[in-house]
Amino acid sequence: MLKPRVMGIAWRRNVAVFVLIWIAATWGLMFAPIKIAVGEIPVAGFLLLRLAYALCFLIPLVLWQRCKRPSSPISSNNDLTKWLYGIGAGVVLFLIYYLQTAGLVETTSGTAGFITGLTVVFIPLITSVLERKWPSPILCAIALLATIGLVIASVDSQKDTELFRIGKGEVLLFVGAFFNALHIVIMAEGVRRIKGPSFITIQVFICAMLAYFILPTDLTSILLYSPTIHAIAFFCGFYVIGLLLVIQTWAQRQVTPFVVGMLFNLEPLFAVAGGALILGEVTSRHQVLGFSIMLAAIMWAHFLGSEHPVSEKKIPA
C-alpha cells in the first residue's frame, strides 16, 4: 500500500498532466478566435486590447507578491540591468505576438499552429549560434525535415501553375516562430535575474506600448469594438497570458521538463481541431502529410533538446 505522501505526489502529477494538456488545448484552440477577431479589427488594436486585459491580471499579482514578500534592496546597476533585460525581451515578445497575429490573417489556424510549433526546432539552432558551435548533422536534418513538411503543407492543389505556394501568412508565422525560440532562450537567462511575474509584467507592458505606437486608429476606437472582440481579447489576455501562466508555473514543478515539452507538442493538433470546429477549415491530404512531417520534426527536436534543455517555460503566444 502506498504511503499518503507518495499518493499525494502521484495525485499532483496526474493533475499536473491534465492541466498541461488543458493548457496546450487552450493555446491551440485560441488560434481560431484570434483569426475571427483580426478579421474585423486591426492587428495592433487587438494586441493592445489583449495586452491591456493581461496587465489587469499581472499588475495586481505583482503588487500582491511585493506586499507579501518585500524585495531586498538592490543596487541601481543591477536594477538597470534587469530593466534592460525586461525591455529587450519585451521587444522580442512584441515581434512574436505581432507576427503570429498578422500571419493568422493570411492563413488557416491549423497551419499557424504547426508553424508556431517549429519553435522547438529553432531553439537548438539559436543555442548553437550563441555558443559559437556549428549545428550538428542531426540538427541540420531536423531543420531540413521541418522545411520539407512546411513546403508540402503549402502545396496549392487548386493551382496548376504552381507546385507550391508559401504565402505572406506562412512567412510571418515562420519568422515569428524564430523569435519565439529566441525569446525562450532569453527567458532562460532572464528568470535568473528577475522574479517571474515581474519579468513577464515588464515584457507585457512593453508590448502594450509598442502596440499603441503602431495603432492605426484613435485609442478611443478600442472602446467601440464589439462585445465579441472584447470577449476574445479578455480570454486571450486576462485568462491565457495571466491566469493560465500562474497555473502553468505550478504544473511544471510537478513533472519533468521532458513531459512538459511532450504535452505542449499537442498544441498544433488542437489548432487544427479548432480551425475545423470553429471556422470550418478543411485540411487537405497534402496538408495532413506536411503537418505530419512537421510534427515528426518537432518531436525529434524535442527528444534532441531533452538532452540539452534550455527552458520549458514560455509566455503563451
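One is the number of the first residue shown, and numbering goes on along the chain from there.
Heads up, the Cβ atoms here are built off N, Cα and C, so glycines get one too.
Copied over from TrEMBL, here are the features:
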{"type": "DOMAIN", "residues": "16-154", "note": "domain 'EamA'"}
{"type": "DOMAIN", "residues": "168-300", "note": "domain 'EamA'"}
{"type": "TRANSMEM", "residues": "41-63", "note": "transmembrane segment"}
{"type": "TRANSMEM", "residues": "83-100", "note": "transmembrane segment"}
{"type": "TRANSMEM", "residues": "112-130", "note": "transmembrane segment"}
{"type": "TRANSMEM", "residues": "137-155", "note": "transmembrane segment"}
{"type": "TRANSMEM", "residues": "171-191", "note": "transmembrane segment"}
{"type": "TRANSMEM", "residues": "198-215", "note": "transmembrane segment"}
{"type": "TRANSMEM", "residues": "227-247", "note": "transmembrane segment"}
{"type": "TRANSMEM", "residues": "259-280", "note": "transmembrane segment"}
{"type": "TRANSMEM", "residues": "286-305", "note": "transmembrane segment"}
Beyond the flanks of the transmembrane segment (41-63) by at least 6 residues, Cβ under 8 Å: 34, 97-98, 101-102, 105, 197-198, 200-201, 204-205, 207-208, 211-212, 214-217, 221-222, 225, 229-230, 232-234, 236-238, 241-243, 246
Overall pLDDT of the domain 'EamA' (168-300), taken as the mean: 84
Contact call for the transmembrane segment (259-280) against the transmembrane segment (227-247), three or more Cβ pairs under 8 Å: no
Dominant neighbour of the transmembrane segment (286-305) in 137-155, 171-191, 198-215, by Cβ pairs under 8 Å: 137-155
Best-contacting stretch, by C-beta pairs under 8 Å, relative to the transmembrane segment (171-191) and drawn from 83-100, 112-130, 137-155, 227-247: 112-130
Listed stretch, out of 137-155, 198-215, 227-247, that has the most CB pairs under 8 angstroms to the transmembrane segment (83-100): 198-215
The transmembrane segment (137-155) in contact with the transmembrane segment (112-130), cutoff 8 A, at least 3 CB pairs, sep 6+: yes
